[in-house]
Amino acid sequence: MRSSSGGGASYSNLAYAVFYREVVNWLRYPVNAAGVVIGQLLMFALLFFGGRAVFGEAFAGSIGSVVVGYFLWSLAGQSYEGIVSIISQEASWGTLERHFLSPFGFERVLLMKAFARVVRSFAVSVLIFGVMLLVTGMRPTIPVLTVLVILACTVLSVVGVGFVMGGLAVLYKRISSFVQLFSLVILGLVGAPVLEVPWLRYLPVVQGSTMLQQSVRGGIPLWEFGPQSLAILVAVAGGYFALGLAGFHVIQRRARRLGVLGDY
């Protein structure tokens, strides 16, 4: 597949370049890469062993929910912060404006970079999930295809939010406190009480978290979920992703008009 205005440039070339860059940048700083994994594992260890020490046997019934919820929060949080980081770093390096010269278009290049970052985050989260299973002794029967579909839809909604926050970072420069604040919001959304407050399932992450818990802990495949649950999952994913891209487009146009797109 070739871009409409790119001559010999193809999307496979773009994908290869972006993914190669992502892997090289990740491996180039092994201490930082290891720090991400170790930090996530230490947080889970504190949560798991602390909960077991405080609540004793009563905590045993909640281990499955804790493991699945922590895995989803790890993936969604890394994906969200990764999108914001990509956009803000490109602006600080002075390379964000160059994407407008790409034959693929500004948004397409950023989308490919976002996809590469999500894949990297997924690999890290799977590693963390494996260690959590070893620590807790869980042996769930996981319907892999179902879990991948639910995760893809769940992360898609968070990516939309990440694009909006990334655009605001370009426009207002230093908003790290708000970026970190939403990471905590994601944690709250993962554990949102949808049974008591049903409308919460229309927020990012919530519906995916509920279905992921049922799938991983109960082994429920995708086709056994009701049509309404699937419709909400897809609508929330597509809706927030589309709104996020539209919001980013509006914000970056304003930044260009103000002349601050490449300013840092």
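Placed from the backbone N, Cα and C atoms, the Cβ positions cover glycine too.
These numbers come from a predicted model, not from an experiment.
These features come from TrEMBL:
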TRANSMEM  29-49  transmembrane segment
TRANSMEM  55-73  transmembrane segment
DOMAIN    61-245  domain 'ABC-2 type transporter transmembrane'
TRANSMEM  118-138  transmembrane segment
TRANSMEM  144-171  transmembrane segment
TRANSMEM  178-195  transmembrane segment
TRANSMEM  230-251  transmembrane segment
Rank 29-49, 144-171, 178-195, 230-251 by Cβ pairs under 8 Å to the transmembrane segment (118-138) and hand me the top one.
29-49
For the transmembrane segment (230-251): best-contacting stretch of 29-49, 144-171, 178-195, by Cβ pairs under 8 Å:
144-171
In terms of Cβ proximity under 8 Å, which residues at least six beyond the ends of the transmembrane segment (144-171) contact it?
72, 75-76, 79-84, 86-88, 91, 96, 110, 114, 118, 122, 178-179, 182, 186, 204-205, 207-209, 211-212, 215-216, 220-222, 233-234, 236-245, 247-248, 250-252, 254-255, 258, 260-261
